[in-house]
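Engineer: Just passing along the structure, written as structure tokens.
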Amino acid sequence: MPEPRVMVMSDDTAKHTPGSMLSPRGRIPAVLSCIVLLVTCYFSLYSRHLIAIFIEKHHASRKATPEPRTDLDDKLNYRARPGVQTQTSWNAPIMWELMFDNNLFDRQHKKANTTVALTVFAVGRYLEAYLKTFLASAEEHFMLGLPVTYFVFTDLPEKVPNIKLAPHRNIQVVKVEKHSRWQDISMMRMKTISEVIDTVLQHNFTYVFCFDVDQKFFKARFGFEALGESVALLHAHFYKLPKNCSHMTEIQSQSLHG
């Protein structure tokens, strides 16, 4: 890429350049414009400086209170399951049974008074078809022994099933609009979850999970070993597929190339 050129004019050149000389009337607006530009640049740089300070303080406060998971990851046995991948390419653990001491995870998170929020959308026919099974299976396997609040987003609050919950576990129903197109439903879902996380969940819960209502928790536990700063669920459909198989096939998708 060619470098930008800088044109330098000498005094003699300036004297003979048409339009280079300003009349007294023209100098005043030019000077005022320069002053306004300088003031604008100053406040722009100052605001960026304040934002940088805020971000630095924010990260410092987070580092001052490390998550229990940080130390527990050092105790994982990655060789316990030689038949499956136990780490991602960026060294994040992929949790399997036998890799961890569940009692160790349970003790540390209970000691830390960890709390969990689980968000799920059950709009339209999805409520009647899936919500009861989802909640019932979560009560059998999801974060047993920890305080859990289910946030059910639905357009039909009166039809949310009555599920028997363990102590320190409850359901919060949030009414949302119903949209006819699935694209609108997906966009609304992301927007609503973001707003609730920003205004409510981040101030009251240690961890937040977002699940699809047509999922089900099966026989194995979904316990404290799954708690982390960023967690993704490995889709069961890809369990026996080759490691180089991508879940995304669209050429335009960034995740395909990531």
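Any Cβ shown, glycine's included, is placed from N, Cα and C.
Just so you know, TrEMBL annotations never went through curation; they're auto-generated.
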Engineer: I'm validating the feature mapping. Which of 1-20, 61-80 is tagged region 'Disordered' in TrEMBL?
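Structural biologist: Checked against TrEMBL: region 'Disordered' maps to 1-20.
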Engineer: Who sits close to PHE121 (UDP-N-acetyl-alpha-D-galactosamine binding site): which same-chain residues at least 6 apart have their Cβ under 8 Å from its Cβ?
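Structural biologist: Counting only residues 6 or more apart in sequence, the Cβ neighbours of PHE121 (UDP-N-acetyl-alpha-D-galactosamine binding site) under 8 Å are PHE153, THR154, VAL176, ILE185, ARG189, ASP212, VAL213.
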Engineer: Say we define neighbours as other CB atoms within 10 Å of the CB. Which of the binding-site residues ALA122, VAL123 has the fewest?
Structural biologist: VAL123
Engineer: I want to check the contact list for TYR126 (UDP-N-acetyl-alpha-D-galactosamine binding site): same chain, sequence separation of six or more, C-beta distance under 8 angstroms. What comes out?
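Structural biologist: Non-local contacts for TYR126 (UDP-N-acetyl-alpha-D-galactosamine binding site): VAL213, ASP214.
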Engineer: Inside 10 Å of the Cβ of ASP212 (UDP-N-acetyl-alpha-D-galactosamine binding site), count up the other Cβ atoms and send me the figure.
Structural biologist: 13
